[in-house]
Amino acid sequence: MKKRSYVGVLSAVLAASMALTGCAGNSSGGSNASGGQSQPAPGNSGGGTTEGGLIKIATQSPLSGSNSAIGDAIKTGAGYALEKRKEEFKALGFDLQLFPQDDQGDPKIGVSNAEMLISDPDVYGVVGHYNTGVAIPSSVKYDEGKLVMVSPANTGVKLTEEGKKTVHRICARDDAQGPKAALYAKTTLGVKTAYIIHDKTAYGQGLSDQVKMQFEKDGVQILGFEGITQGEKDYSAVLNQVTVKNPDIIFFGGLYPEGGILIKQAREKGFKGYFMGGDGLDSSDMIKIAGNAVEGVVFTSVAGDVTQTEEGKKWAEEYKKATNKPLETYSVYGFDSMNVILNGVLEAAKANGGKKPTREQVLDAVHKTKDFQGQFTKVTFDEKGDNTNADVFIYKFAKDKSIFVGKAE
Amino acid sequence: MLAPFLRENTSSQRSECRKFVQVYKGNEGWESMINILPQVLVDGLTLGFMYAVVALGYTMVYGILEIINFAHGDIFMVGAFIGTEVLLISDALGALEGMNPFVALFITLIIAMVLTGALGVGIERIAYRPLRGAPRLVPLISAIGVSFLLQDLVRFTEALARNEFYLNSPALFTGSIPLGSIATIPTKGLIVIVIAIIMMIALTLFVNKTKWGIAMRAVAQDQSTASLMTINVNKVIMLTFLIGSSLGGATGVLFAQNYGTIDPYIGFILGLKAFTAAVLGGIGNLRGAMIGGVLLGLLESLSGAFMGPLTNGAFGAEYKDVFAFSILILVLLFKPEGLFGEAVKEKV
């Protein structure tokens, strides 16, 4: 109850401030008014040179729940990027602050967090989400608040197809990932029959549909297309069918908590073929859950291996030292997403004469991002907010870690 | 074999060819379905016995107090966490190394049963006893409250202690036993079944043969008369919670062993299904709960494996619960007291 009334008050405040500044948004000098109650940065009271102020960048990812390993990697990567640029912004009179939110992989919580974020005038951008099913409803709120969102991990096609200007992602989409995964299975692994299992979520089923379409195009026989329930632990019902049909490959559209159990139980039932999944399997926790069964599991990911280059290796070392967290493949995407937003803030502030910009200005600046070289990926947003330079990569699990195989063509 | 048919082009032969292909395909479908049947039954039995033991907890409490202890599924979950923590900690200390897995499982079971039994008694004392005179809806709400409390408590402590709250239990048994060439039963699955049967037999003997068991049955029949017969009703109710909860906790340990991964929310789905099993068998009836549990597990497994092929893919394994629960609704429509329940007579 307490939380709800808090949100209620905040949204009332927001409504009032929007009403006050609705028309003044783009006129000169209107920038400050938009943040009706923005606090001036401490120690910046006398200066007439820069207006300054607090700039919060939020992250939204699952920090608790079964997806928290990746959610935390996104938050930590974004936080590391912000930490590194704090001084740079301080020199301009801005106080940077990370504002991490836990969406728990739950659409309801994602949306209520989003509501809270747009009602806080100091929040200038969101790095998130991890789950497409959470990102889509939350993006409705961001769009209302003109709050820019840059996703490090959402691959669901529908997200950017809805035409919201606030929505951006630096990773590839499922209609790139799915077909490339299917193509890899067909040409490199040489599979002829496939059984597709998905977790009935926007992400899992969406990816599976893409894979199915490509398989059908290439003449790979689909022996089954089944959904499983997230959170259940016994998948023997569907796996018994799989063992009968004995496909060359099981493709799983879903996340590692279910994927890990699936492959473990499939191997216990004597399944000998390949097991493949999308970027949802891209987590070190996959090994913990699946145990020895993880060996040989192939997955595509939209996140590449940053340690492939010397420079990247150095970055990874520094990252591990600074954050004291293991490096997940999404850490660097969290890092790059944050930098895309921070660059947008910087551009907008510059265009605004060094004063605190409006959210809309930041959104415009981020939306125009072109040829921005991040730590790992190069970012150019197209009209929809997709990154034109995004790639898909193939990985394979060994006993205790995932091994980078190469770029999927 | 198909080649001679294909080379000819007359329409009659072509249709014959198509028929042949269809029959051939159909045969293969049936054959493969019969081939996996033993495996499906084994999986269904494992799941079913798990439901059965948890269902006992629901049915015992209902039999005595006529309230539905919706926190029972979460007591099961707590048992799974206690067992897994015991194994994880002893693994970290190196105590599991070289220990006989049966001994390790036994110790884990005992610890989990003692702690969850105490938890059950505590819940009864705090959340149900003060409400005993209240309308029946009130303890039900209180039970749901306890259920959420336990989920979040476990989530909170595990997140604090391990920074993650889905745990992977160290596997004590990894082998599997082939049953001829038709099916394999994993050792851990067999252990689930054997221990569940032992627990059920022990409970039946306890209720039927001991003094306390007779007291329990007396209280179940009529609390006030039983108390006139110098039976300490409060003690009997405590005992019921102790036994029911420790059985639930033990099943949690078995669940963690069998499926490997646990999280604080496993109690919800499993608890709901075990409750259903208890209703199916006739709530308040021990034998009914056992059979209802096994039946539900088998139904779920069978429908999961065969619904897809039988309906030609229109309904896949994802609808297995719908199917299982439709059967339940049918049973309750035609035999509302459950398969083994007796029609409730007015207590005189």
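A Cβ is built for glycine as well, from the same backbone N, Cα and C atoms used for every other residue.
Source: prediction; values computed, not measured.
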For which of the residue intervals B:17-37, B:290-310 does TrEMBL record transmembrane segment? B:290-310
Could you tell me whether the transmembrane segment (B:75-96) and the transmembrane segment (B:236-259) are in contact, taking contact to mean 3+ Cβ pairs under 8 Å with a sequence separation of 6 or more? yes
Any chance the transmembrane segment (B:75-96) and the transmembrane segment (B:189-207) are in contact, meaning at least three CB pairs closer than 8 A with a sequence separation of 6+? no
Highest Cβ pair tally under 8 Å against the transmembrane segment (B:322-340), stretches B:48-68, B:189-207, B:290-310, lands on B:290-310
What stretch of B:48-68, B:189-207, B:290-310 shows the most Cβ pairs under 8 Å to the transmembrane segment (B:265-283)? B:48-68
Residue numbers, six or more beyond the limits of the transmembrane segment (B:189-207), whose CB comes under 8 Å of its CB atoms: 42-43, 45-46, 49-50, 52-53, 56, 105, 109, 173, 177, 213, 216-217, 243, 247, 250-251, 254, 257-258, 286-287, 290
